[in-house]
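The structure appears below as structure tokens.
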Amino acid sequence: MFANVGFRTLRVSRGPLYGSCSQIISFSKRTFYSSAKSGYQSNNSHGDAYSSGSQSGPFTYKTAVAFQPKDRDDLIYQKLKDSIRSPTGEDNYFVTSNNVHDIFAGVADGVGGWAEHGYDSSAISRELCKKMDEISTALAENSSKETLLTPKKIIGAAYAKIRDEKVVKVGGTTAIVAHFPSNGKLEVANLGDSWCGVFRDSKLVFQTKFQTVGFNAPYQLSIIPEEMLKEAERRGSKYILNTPRDADEYSFQLKKKDIIILATDGVTDNIATDDIELFLKDNAARTNDELQLLSQKFVDNVVSLSKDPNYPSVFAQEISKLTGKNYSGGKEDDITVVVVRVD
């Protein structure tokens, strides 16, 4: 923690961040276009970091979900009734469990910048999670299709379905999906800046990496009409148009009592992994018998910090580095977590 004296307050939920740095236009919504092609390069594959655990027999998993949407009193949201009704805001999630030994889970975060242009930013993340839930359920019920049960393929199949069905007119979303199989070999596919972390004895032992084209501009799966693409081209801009093939893939061997967290950037923009470690250590007793209460308390704590104008959030510190000015304050955003415990 650093001293708050001399720090400008960060109020990202209300509009532009005012400062002397002219290249910083607005931090209130994430970007869905870029003036240049991404400079991010990824090998799209990450191997095991740990050898197989000693646990015998099939792994068992317990899950909990907690979320809190940000306040939607801005006029732009009043015009988007579906967005207001979404209980998770622009975030969405799914958890598919045919039995306690085989689980799929994921979160998706609709890119909020579209709301400023009159589009429901929650639509694409909601439809994507709905399709990922349907696909993972159908595949899990058919053991002969076990080879198809990869998170990356689930993202790809779901994205193809929502494009074909044309329910979503405009939007962009991140996506992270994890498979928790009976052998404990965690598989994760991530596209964008949502996050997965594995904690062992309250210490981080594995995490995914963010994919971005720039500050506050994540990789995203987008649906954009042709006329909007042409208009962007006339302006000399480019929308961020990723495909499921761009998702990074990870694998990691779990052990009994591991805690796994899938989270949208409402968490990681506010707190660091050190903070999560401290929270899990302070609430170790609840990880055994009160996973839902633990998850909700975690979200409540992050929400409180996101509304604190004096809190030195991760987001505020990044802005300080970019601008050379000292900013403080949490970043108000939708916050969603899926928490999994290995039993």
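Including glycine, each Cβ sits where the backbone N, Cα and C put it.
Note that this is a predicted model, so its numbers are computed, not measured.
Annotated features, as they stand in Swiss-Prot:
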- Asp109, Asp265: Mn(2+) 2 binding site (BINDING)
- Asp109, Gly110: Mn(2+) 1 binding site (BINDING)
- 76-342: domain 'PPM-type phosphatase' (DOMAIN)
- 1-39: transit peptide (TRANSIT)
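Asp265 (Mn(2+) 2 binding site) is 11 Å away from Gly110 (Mn(2+) 1 binding site) when you measure Cα to Cα.
A simple way to gauge crowding: the CB of Gly110 (Mn(2+) 1 binding site) has 33 other CB atoms within 10 angstroms, across all the protein chains here. Under DSSP, Asp265 (Mn(2+) 2 binding site) is assigned to a helix (H, G or I) in the three-state scheme. Cβ crowding, taken as the number of other Cβ atoms within 10 Å, peaks at Asp109 among the binding-site residues Asp109, Asp265. Along the domain 'PPM-type phosphatase' (76-342), the predicted structure has mean pLDDT 92.
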